[in-house]
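In what follows, a single structure is set out as structure tokens and then discussed.
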Amino acid sequence: MATENGAVELEIPSSSTDTAPKAAAGEGPPAAEKDPGPPDPQKDPGPPDPEKDAGPPNPEKELESPDPKKEPDPDSTKDTEAPAPEKGDGASAQPSASSQGPEGEGGLQGEPAEGSAGQPAALPQETATAEASVKKPEAEQGTPGSQDPGEAKEQKKVAEGQAPSKKGSPAFLHSPSCPAAISSLEKPLAEKPLDETLELIFEGVPVTPGPTETEPAKVAEGEKNLPGGSQKEGEEKAAGHAGQDGVQGDTSRGIEFQAVPSERSEVGQALSPTAKEEDCFQILDDCPPPPAPFPHRIVELRPGNINSQFSLNSKEALGGGKFGAVCTCTEKATGLKLAAKVIKKQTPKDKEMVLLEIEVMNQLNHRNLIQLYAAIETPHEIVLFMEYIEGGELFERIVDEDYQLTEVDTMVFVRQICDGILFMHKMRVLHLDLKPENILCVNTTGHLVKIIDFGLARRYNPNEKLKVNFGTPEFLSPEVVNYDQISDKTDMWSLGVITYMLLSGLSPFLGDDDTETLNNVLSSNWYFDEETFEAVSDEAKDFVSNLIVKDQRARMSAAQCLAHPWLNNLAEKAKRCNRRLKSQILLKKYLMKRRWKKNFIAVSAANRFKKISSSGALMALGV
């Protein structure tokens, strides 16, 4: 049933669900190739001299008379150490046609690793990297004295169980290519009950322990290797642990781009300095945002007279929908300007929903989430008084002719949305109606945004199954359309769609009507339009590909999003990224179509009311 604000309630949810047969786990790195040949035991009966003979010892000779004093070759550990591929490797850029799963449209590869909370196992291209890291024959390496000092240092790291140092950013989980173009429907994901993994994946909590103090920190991308680099890395790591607050404290530990433990540690440590970056929106703003109009407060619904405390301005409407209308108001005692959400009490369930919304908002003390000021109940309605946000909708702001939208602007907006979502999920709250209309700018000049409208939000317990059948079709996830169990990853799908629209100005699943839109969501067939995404970075495409994934277990959590390379090092990116995105022009067309649809619904409702009143039906009812 469609409503004025675009949200619909799915009256007859589809009972069809997508099942995925279990895929075989990826094979480990291949064994090392044999050396050119052992020395002749007749010519060289004694043990090989490492200074004179670079060839390997005779295996038969060692089996007959093993030397108890002989120490294991430290280079032999290379056979099992396979560093994860870096971004830009040829293997990662061209995945095989059979490496994609039907549940993962973003290029998910392989079966989820055991105990990795739904994260995919080591990527197939790691095999190629492993072959390159296999120990060379000693004849090729030369004598120990002739070995390069840098090579010896790397081999020592490997022997101690540490990952060799590498330059560049961590490898991406998915290919940044178009999911439709890389045959994402060919290889299925492993079938695993969702309720077995919810407790692990919720809030982006990693299954494996975080990096220890003995693990080496990875140099951030673009940083030069100075002589005192190791000391600098240790200082940055300590500052990262001390500076992160309660909300973003898990950011450096939550992301798992690879299934290799050493790589996960390096990723977390490389991103921890930028994960604690303060006020990302101030990178683009010349002045700080206005302070919060009032501190966070715990609100209780109480009866009272609205007109004695507030002056409602019904002519200055801010929005409306199924649950009521929103207008501006002023508190008479303080002169504080607020937004008033008026909800009609038609059934007992209406009051129950309002009480749930109040309970949810009392938990959300975050600068990127709208704050509740008061709640008053009258005999016929309930009014929620909230923080007034004057900047308007985010999409309305960025289509302004005087505004130049760049990819860095999009990063700043998306990072703040992720911050708000992460806090909600830590408070066990799911928004379930994330869409452009519910992202507002604090003012008309800055880049600070807030998430609003918790009328459809739900408290969430990972140990309990939760299903919903409402939302806005364009931004609904497949599990909502199918009336399947939902989780915190349901909000992440909506974030992926919003990010896609910010980058391109196109809605990936929008059809001619709601039915076609819902069918598009269920099929999850989408792609990166070549023309509109021409100027968009591969990191941005990879970010979206990790969110718009049909299987919710394969989507990134909010913590993993905040640790993704695309949302980090924003200050450096802002210095070199000033190209205007084409999405501004296309977003104007999208907003015009949306306004036309809203006006059409309003006019249709007025015409229906006019026909009913002219037929005398209302008079017969005594109205």
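Quick reminder: no glycine exception, Cβ is built from N, Cα and C everywhere.
Here Swiss-Prot flags L318, G319, G320, G321, K322, F323, G324, A325, V326, K341 as ATP binding site, drawing on sequence analysis. What Swiss-Prot lists as compositional bias 'Low complexity' is 20-31, 90-102, 204-214. Taken from Swiss-Prot, the feature domain 'Protein kinase' applies to 312-567, supported by sequence analysis. For A2, the entry in Swiss-Prot reads N-acetylalanine. Annotation source Swiss-Prot lists phosphoserine at S169, S175, S177. Residues or ranges marked as phosphothreonine in Swiss-Prot (evidence: similarity to another entry): T472. Among the features that Swiss-Prot reports, region 'Calmodulin-binding' is placed at 601-613, with the record citing similarity to another entry.
Taking CA atoms as the reference points, T472 (phosphothreonine) and G320 (ATP binding site) are 14 Å apart. Model confidence over the domain 'Protein kinase' (312-567) is summarised by a mean pLDDT of 94. Taking the recorded positions G320, T472 in turn and counting surrounding C-beta atoms within 10 angstroms, the largest count is reached at T472. In the three-state DSSP classification, the residue listed as 'phosphothreonine' falls within coil. Around V326 (ATP binding site), a 10 Å sphere centred on its CB holds 21 further CB atoms from the protein chains shown.
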